[in-house]
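Taking it in order: structure first as structure tokens, then the write-up.
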Amino acid sequence: MAAGRLLLYAGLSLALCALGMLAVAICSDHWYETDARRHRERCKGFTNRRIDPGFIYNSNNNLPLRASRSRLDRWEGKLLLARNRRQLFAMSAADECNRQYNSTNMGLWRKCHRLGFDQDIEDIIAKGEIERCSFIKYHYSSATIPKNLTYNITKTIRQDEWHALHLRRMTAGFMGMAVAIILFGWIIGVLGCCWDRGLMQYVAGLLFLMGGTFCIISLCTCVAGINFELSRYPRFLYSLPDDISHGYGWSMFCAWGGLGLTLISGFFCTLAPSVQPVLRTNCPKSRPENGTTISAMSSLSSYALRMSRLSARIFGEVVRPTDQRSMKVVKMFSEEPLAKRKEVFDWYPPHNTYVSLMRNLRYLGLYRDEHEDFKEEMRRLRKLRGKGTPKKGEGKRAMKKK
């Protein structure tokens, strides 16, 4: 009993802690974080190079100084191919620095600039020109797609937007359902603990396991959505440079911790009813017989014994007859029970005689059998509809022989 109670209390406590951790993870904005400080330092060094006339950073091997006219045509084709390839794959160092990357942290609902990572961004936020946090869209919008791209790339971006949107919706939806199911299971578990109902405790454990399953689906879709965003095409729009550090924040680890506590609490609550001993009572349960509920003979005999003792204390002991005639009756009933005596057995008429007697009484109108009346009425209706019993030689077998 103590072990079952301990498991139940531990499961409910862990479920409450898991609810708190999942609630903190949902409300926070540190699921995924990026740090672009190294990238900014590199780009500042790249823009501070010498720009005086005649100074060239590229090596002479890459300059087509002696290219003929036939080679110039091929060189222009290579430049066009390189530009198209740059739209699909990663960028060069100069192109990476032309685009601004910020240090951000992202949650389920908002994406924010990290505090104290970029002084320029802090000054702009202090002036009120931009907000520190922007809400993540859970509806499709084509305003974020660049306009200066080819049709194929635009179509690819639009399809990827739909896929990323579905992954975000699945993450938020399954996480919300997980929290709701765990909360409902915790309420059921508390009620089962108060009322001492093992079935309610078992159901609470199953609900915890179901909530953990939904939480697993939500976290897996979140990880898949982040990886999908980083691997989208074109790479120069969605990929991150190598010097930008990125990873999961403490909110993600808080969600995984809540998942682990939920599964452990579900295991404890489902195990608690099986550990508790079954309460056994002296009075046996009643059993249904012939449509009624009768008590067991042992309880009746014990009740009769108690009543006889009570009457003996009130009225005194009853003198039992012990003469020869009384003992003869006792001996007769002990040797041959009443149900097996010949005069009792022959008192009731046989079954066939009883049935024939009831049939004759019904024919004379002295007895009415509703079941037989119903059967006769159904036979009459079938005969009127032409579905009566076929005569000899008119059935299906006779028709087949013909």
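Using N, Cα and C of the backbone, Cβ positions are placed for all residues, glycine too.
TrEMBL does not curate its annotations; it predicts them automatically.
Summarising the annotation, TrEMBL assigns signal peptide to 1-23.
A Cβ distance under 8 Å defines the sequence-distant neighbours of the transmembrane segment (174-195), meaning residues of its chain 6+ beyond its ends; these are 8-9, 11-12, 15-16, 18-19, 22-23, 26, 108, 201, 203-208, 210-212, 214-215, 217-218, 221, 255, 262, 266, 269. Annotated transmembrane segment per TrEMBL: 174-195 (among others), in sequence order.
Feature annotation from TrEMBL assigns transmembrane segment to 202-228 (among others). Using a Cβ-Cβ cut-off under 8 Å and counting only residues 6 or more beyond its ends in the same chain, the transmembrane segment (202-228) has close neighbours at 11-12, 15, 22, 31-32, 160, 163-164, 167-168, 170-175, 177-179, 181-182, 184-186, 188-189, 192, 252, 255-256, 258-259, 262-263, 265-273.
Here TrEMBL flags 248-272 (among others) as transmembrane segment. Counting only same-chain residues 6+ beyond the ends of the transmembrane segment (248-272), those with a CB under 8 A from a CB of the stretch are 4-5, 7-8, 10-15, 17-22, 24-25, 28-33, 105, 107, 175, 178, 182, 185, 189, 198, 201-202, 204-209, 211-212, 215-216, 218-219, 222.
Annotated region 'Disordered' per TrEMBL: 379-402, in sequence order.
Residues or ranges marked as compositional bias 'Basic residues' in TrEMBL: 380-390.
Among the features that TrEMBL reports, compositional bias 'Basic and acidic residues' is placed at 391-402.
Remote same-chain partners of the signal peptide (1-23), defined as residues 6 or more beyond its termini with a Cβ less than 8 Å from a stretch Cβ, comprise 175, 178-179, 182-183, 185-186, 189-190, 193, 201, 204-205, 208, 215, 254-255, 257-259, 261-262, 264-269, 271-273, 275-277.
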